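Here's the structure, in structure tokens; my notes come after.
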Amino acid sequence: MKRQSALIVFSGGQDSTTCLFWALKHYEIVELVTFAYGQRHSLEIEVAKEIAQEQGLKHHVLDMSLLGQITENALTSDIDIEAEEGEVPNTFVDGRNHLFLSFAAVLAKQRGIIDIVTGVCETDFSGYPDCRDVFVKSLNVTLNLAMAYDFVIQTPLMWLDKAETWALADQLGAFDYVREKTLTCYNGIIGTGCGDCPACHLRQKGLEKYLAEKGDA
């Protein structure tokens, strides 16, 4: 039996698009929210809009440009992407998931929605502290207390690695769609991406692992 409704924090990337198709299997009504936070590539927002339109879903786009004004990182500034082993990479945007989920919760409450879906993942979390399960659970409690509302933050990818995320997309009948239409690349190239940035490396490594495992099955 499907739950009634869900709001997805949606970027148009591999993870959030996989969550979209997951939600379509589990909810009667699905809405999307995308945040314009001064990201390098406004194409991300256009990709999210296009996917929402193709799927016939209500899509909210919220201005969060203030975030880009108060943080310096490789996603909102024209600086080189760096990822030193054992350190948080400079693609990390301080407060991003905290703020996105908080504003998504405000919107969800106004829409009468309880479930908020986000594609964060601890297995392949790239060193981002706000992708951890402990953070999401803590924020869920905080939001419920702050707004006297019984939100449920759903994280269907939390314990999946990238290969398993590809497998889930395939199980949902969305493998080709995710592979061809999503934007994960930090350099703004849809689909297979640039092949050089950390996001592309993670995505491609997961894809190759999944296809190898699928071939052996």
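Each residue, glycine too, has its Cβ placed from N, Cα and C.
These features come from Swiss-Prot:
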BINDING   F10, S11, G12, G13, Q14, D15, S16, T17, T18, C19, L20  ATP binding site
BINDING   C185, C194, C197, C200  Zn(2+) binding site
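Non-local contacts of S16 (ATP binding site) by the CB criterion (under 8 A, 6+ apart in sequence, same chain) comprise I8, V9, F10, T118, G119. Close to the recorded ATP site, the chain also has I8, G119, V178, T182: residues not among F10, S11, G12, G13, Q14, D15, S16, T17, T18, C19, L20 whose Cβ is within 8 Å of the site's Cβ mean position. Least crowded of the binding-site residues (L20, C185, C194, C197, C200), judged by neighbouring Cβ atoms within 10 Å of its own Cβ: C194. When the alpha carbons of Q14 (ATP binding site) and C185 (Zn(2+) binding site) are compared, the span between them is 10 angstrom. Here C185 (Zn(2+) binding site) is compared against the binding-site residues G12, T18, L20, and the shortest C-alpha distance is to G12.
Between the alpha carbons (Cα) of T18 (ATP binding site) and C197 (Zn(2+) binding site) lies a span of roughly 21 Å. Across the fold, the C-alpha of C200 (Zn(2+) binding site) and the C-alpha of L20 (ATP binding site) stand 20 Å from each other. A 10 Å cutoff on Cβ-Cβ distances gives G12 (ATP binding site) a total of 24 other Cβ atoms nearby, all chains included.
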